[in-house]
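According to TrEMBL, the S-adenosyl-L-methionine binding site annotation covers 12, 14, 39, 60, 85, 106. The domain 'Ribosomal RNA adenine methylase transferase N-terminal' annotation in TrEMBL covers 19-191.
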Ligand SMILES: C[S@@+](CC[C@H](N)C(=O)[O-])C[C@H]1O[C@@H](n2cnc3c(N)ncnc32)[C@H](O)[C@@H]1O
């Protein structure tokens with residue numbers, strides 16, 4: 001038996017009318033907002049949003065789909081089509097000076113993590129994102145420390161945004177149906193770096209090292225990142241067990257380890 005052909009560019013189009021309205025509604029009232037839609041496709045969400053937004057920017061990589069959208073919205077000056085790979089688009093340049101934009105999209109799943117990192121990098125220019133992604137990825141993003149799904153993606157996302165897991169759709173909501181269930185999440189961007197008292201770039205690096213090997217304790221991951229055993233042990237927060245893993249620490253606890261080690265030596 002042959003397996004169904006995988007659609008190119010993650011093109012599983014939303015075919016559920018209730019879901020496309022629920023996604024558009026989840027962005028809130030966009031009447032005075034700039035909204036950027038990632039991968040509008042045939043416009044399942046776009047057609048609902050276009051009359052609602054002050055300005056709607058569509059970023060679509062597929063040439064034929066971009067042409068279809070340009071034609072469809074040729075008489076709607078508030079809608080702009082950018083035919084490009086979202087990963088190469090300068091997001092802050094799309095946002096008017098002194099304002100923030102919102103982002104919406106039923107994402108191409110093959111680049112979900114890269115898109116998230118791109119949004120985090122631009123988060124000072126963003127207010128909110130409503131994103132559909134593979135259910136497993138959404139569960140990882142929303143997980144709390146200590147549960148199986150919590151990891152680097154959860155910690156990183158929760159550093160940049162408050163996460164709401166909105167609803168899940170079965171494969172039958174799409175045409176063609178994907179192999180996986182899909183979940184819509186909302187991110188309200190609110191960076192935690194200042195309240196944790198950490199430097200963004202250096203704490204990002206520290207987190208990647210802390211989570212480098214899932215099976216290792218945090219101490220062992222830090223040793224592998226060239227901290228000495230003495231530095232780690234003498235600066236270890238009293239309330240943390242020595243065998244703690246990065247996956248079990250809250251962001252506050254992770255920041256306390258980072259700050260104690262950084263005070264001991266300018267290492268990063
Ligand atoms: C899952 S489909 C969603 C389409 C539509 N929004 C919907 O809900 O039916 C993903 C869309 O992203 C587009 N796409 C894929 N890779 C892209 C990229 N790197 N940059 C921008 N758009 C991309 C695809 O062509 C497709 O239209």
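Any Cβ shown, glycine's included, is placed from N, Cα and C.
Here the features listed in TrEMBL are placed on the structure.
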residue : record                               : DSSP (3 states)
12      : S-adenosyl-L-methionine binding site : coil
39      : S-adenosyl-L-methionine binding site : coil
60      : S-adenosyl-L-methionine binding site : strand
85      : S-adenosyl-L-methionine binding site : coil
106     : S-adenosyl-L-methionine binding site : strand
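Within the group of binding-site residues (12, 106), the Cβ with the highest number of other Cβ atoms inside 10 Å belongs to 106. Take 12, 14, 39, 60, 85, 106, the residues named in the record as contacts for S-adenosyl-L-methionine: the widest Cα to Cα gap among them comes to 20 Å. Summarised as a single figure, the pLDDT of the domain 'Ribosomal RNA adenine methylase transferase N-terminal' (19-191) averages 97. Cβ crowding, taken as the number of other Cβ atoms within 10 Å, peaks at 60 among the binding-site residues 14, 39, 60, 85.
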